[in-house]
Structures are given as structure tokens and as C-alpha cells.
């Protein structure tokens, strides 16, 4: 079996060597969910830190829930700064998912001022300014981006679990608002809640337009 590459500080280190010390890794979760916000986190790690301090951190999808929770706490202890931002279902419907994701990232980054450079998972986003480096599969190769993915995932999952008590029947405690079979059946039987994304195809196709819970 081929071992997956671990996120490292190679990209951060190259910037630190140039005197660029406040480097924020940014990532988001929840883009494809049918309910709940899209959430972004931004993490600034200390320059020249020992990567062994966060050696178990991976892209959040590669970790079990308990591991994510433990590492999210450790990340907050080690990091110079951590910011979380979100954009609601209503904002997603009004703006579209891309613009709402950018908004969530901007809100997360606003909590970290000053920032000298951004490391971003995926493609460049002009809205975040010129001082950025976009990395394909950045959450697999950059430790600060991977850390951001863990923080964002833990924050969003906790929110969806709290909403599961407020809106029972949709299985948000386990599906986090994603379109599982259980969730789609609940939509047909119960209708959408105020936390559902009405602009997403499965919701737009529903004839039921109100929540009766």
C-alpha cells in the first residue's frame, strides 16, 4: 500500500525564508451540502515551527471525527491565529455557492489581521487579493491549509449537530447536511427548513416549500 503524502511546511517555509512570516492557510467545508452554511477557516502557524507538533494533521476528510476534534484543539493551541467565517444558506441562495465561499473566506481572514500571504486550496481567488498562492490539493500538501480544513470541519459539524436538535428528522448529526438518502427522504416528507439551500437542485425541484416542524 502506498502511504499518502503528509502535509508539510515546504510552502510556508519558502515564504518564511523571504521574511514573510504571517502566512495564512485557508480552506472551506460544506460547499456541496444541501443544508447549513459554507464554512471557511484560516490558520497562521508560527514561523519555523517544528512540524512534528502537528504531525497527525491531514485533510479533514482523511481523519475520523474524534481525531479531527483532538487535532482542532491542538491546532488552536499551536497556531498564532485562527479565524472561522461562514456564509448562511440564505446568502448562498442570494449570491451563489462560489461567491458565498469567497465571503466565508473573507470573514475568516478578517479575524487574522495582519496577513502577509495566503495559501489557498484549489484555484486562485482574485477577491482575496494578490498576495496568495493557490495549490492543487493544497489540503494534502500544506500543513496550514490542512489545519484550516480540520478547524472548519469541526466547527461546521458542531453547528449541524446543534441544529439537528432544532430540526429533527433530517439526520444532520451524522450527515452534516449533505444529501444522503435519509436526508433526501426527510426533505420529501418534512419539506425544507430555513437552513436548507433553496437554490440547490434537490431543493429547487421540491414541491413542498415550507417547513412544518
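Placement of Cβ uses the backbone N, Cα and C atoms for every residue, glycine included.
Marked as domain 'RNase H type-2' by Swiss-Prot: 21-212.
Annotation comment: Swiss-Prot describes 27, 28, 121 as divalent metal cation binding site. Under the DSSP three-state reduction, residue 28 (divalent metal cation binding site) is assigned to strand.
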Listed in sequence order, residues not in 27, 28, 121 with Cβ within 8 Å of the centre of the divalent metal cation site Cβ atoms: 26, 29, 40, 41, 105, 120, 122, 138, 139, 145, 148, 149, 152
Under 8 Å by Cβ from residue 121 (divalent metal cation binding site), counting only residues of that chain that are 6 or more apart: 26, 27, 28, 134, 135, 137, 138, 139, 142, 145, 149
Largest tally of Cβ atoms lying within 10 Å of a Cβ, found at which of the binding-site residues 27, 28: 27
